[in-house]
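Notes follow the structure.
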């Protein structure tokens, strides 16, 4: 009788995806795109449209051909659609239900952030009709070509204008070379009890851009054959690069610890685990707790620590939360691709917290299943964008466009829901490791807030390292639910830790004193909550389009809540 280990090895390699096609058809599957962004309202609208004209619109017919290939891939692997292949690695029949539950629990937070951001943008564009007449945000105003991360507009969106810590300057003051970023990150992992990087890492990695040739600079971690593990990165003296270094070395540690497994099992426990582990490290490295320990947290004169902490959390939320919406949309999109067999050619996207992630994924799933007719590809996309993200196109769109195709992950058939899963998991991992390390008391969370926890600090880091070793060394040799249970004590994903992490920010946004509406509220202290409708009408220009009403109603509730606090 076949033993369980051999049975799992065969299961891991049974489905080979696009490799099941002929060589000619295999080479037809991948398509590229790239990001471009601007800040001026009209100029950004031009680039927003031009990017989609040059990408999605031009590939619409090719993508329909691609959907036929994806259907063949599924059939060649004994499955109904590619969505089944992509979800297979989660090894859970309730996976879709879990993602939906996670999204529903995060949705109120996202809606609060959406209302906050829209009213901040109204200060930048106070009279523009695209912003004043409804609850949806024009997609080109959010600092990202796909509106999936809003942190690039942080200078307009931050809660206060207090001068923050200049981390780029601090890095240049402390370190002579960006290579020292890697030695510092290596020390971080050693501080939690993991092994130092092998010599092969520094011998074989590309840590800076070589002067003599052009290279692809997108950061990547590579698992060649441990101890030969590498990072490819054009590192610069920027704090976000310092952060990325820790993220990539999180992947490297995963590679090294899983190297004891068969080659079949050297991946993450599920597709979201690897990204979760990388970002888990960033949650500690970003804290002022850790930065102070490195001598990088140099406070300017008249520094306001409370304001700085809230702005820090806002920046995190604008990045993490918005991406989750995109990832959740991707899930919706992967769902959209699945129902009527005769429409499977249309089958084959998007995910603040992160409506965009799930949306991207969901639209593809719906396409894969044949749920979206070929003549409704773009309208279905924008229906999801409005419903999940609360954003709208800045210019008129039609079925001649294929705006989902402007996203690399759609064009290149890259599953996206893993990023949603990764975001939820990283906060769960962070909380449990902080408890193990004695840096967070879940029974008294305000004594040591979760957003200030550094897992490399304190006297119990050995316990943190032992847990990381135990979990990462399993690779994918066990079902992901078993691995998740080891570190979190539960077999399903949960957003509890994420919501706990951002609780101080939510309190600030919901309070009258620090809300984005405070300037309006201060002028209306004699008004009752019942007059919130008038306020909202004035702010929105007095008219709300039908599809924008749900978002406008949510903002009305926030106005009412704030007025009641005065």
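FYI, residue positions are counted from 1 along the chain as it appears here.
Cβ atoms here come from the backbone N, Cα and C positions, even for glycine.
A quick note: this is a predicted structure, and the numbers were derived from the prediction, not measured.
What TrEMBL records for this protein:
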type: ACT_SITE; residues: 248; note: active site, proton acceptor 2
type: ACT_SITE; residues: 409; note: active site, proton donor 2
type: ACT_SITE; residues: 409; note: active site, proton donor 1
type: BINDING; residues: 90, 418; note: chloride binding site
type: BINDING; residues: 247, 251, 275; note: Zn(2+) 1 binding site
type: DISULFID; residues: 217-234; note: disulfide bond
type: DISULFID; residues: 434-453; note: disulfide bond
type: CARBOHYD; residues: 304; note: N-linked glycosylation site
type: CARBOHYD; residues: 492; note: N-linked glycosylation site
*Taking the center of the Cβ atoms of 247, 251, 275 at the recorded Zn(2+) 1 site, which other residues in this chain have a Cβ no more than 8 Å from that point?*
221, 248, 250, 274, 277, 278, 279
*Counting every protein chain present, what is the number of Cβ atoms, excluding its own, within 10 Å of the Cβ of residue 248 (active site, proton acceptor 2)?*
24
*Length of the line joining the Cα atoms of residue 90 (chloride binding site) and residue 492 (N-linked glycosylation site), in Å*: 11
*Based on Cα distances to residue 217 (disulfide bond), point out the closest of the recorded positions 275, 418, 492.*
275
*Can you tell which of the recorded positions (247, 251, 409) has the fewest other C-beta atoms within 10 angstroms of its C-beta?*
247
*Taking Cα atoms as reference points, rank the recorded positions 234, 418, 453 by distance from residue 251 (Zn(2+) 1 binding site) and give the first.*
418
*How big is the gap, in Å, between the Cα of residue 434 (disulfide bond) and that of residue 248 (active site, proton acceptor 2), rounded to a whole number?*
21
*To the nearest whole angstrom, state the Cα distance for the pair residue 492 (N-linked glycosylation site) and residue 275 (Zn(2+) 1 binding site).*
17
*asked:* Test of understanding: give the count of other CB atoms lying within 10 angstroms of the CB of residue 217 (disulfide bond).
replied: 14
*Alpha-carbon distance [residue 275 (Zn(2+) 1 binding site); residue 418 (chloride binding site)] in Å*: 8
*Quick one: of 234, 275, 304, 409, which recorded positions lie within 10 angstroms of residue 248 (active site, proton acceptor 2), measuring between C-alpha atoms? Sequence order, please.*
275
*In sequence order, what residues of the same chain, 6+ apart, have a Cβ less than 8 Å from the Cβ of residue 304 (N-linked glycosylation site)?*
160, 162
*asked:* Going by a 10 angstroms cut-off between Cβ atoms, which of the disulfide-bonded residues 234, 434, 453 has the sparsest surroundings?
replied: 234
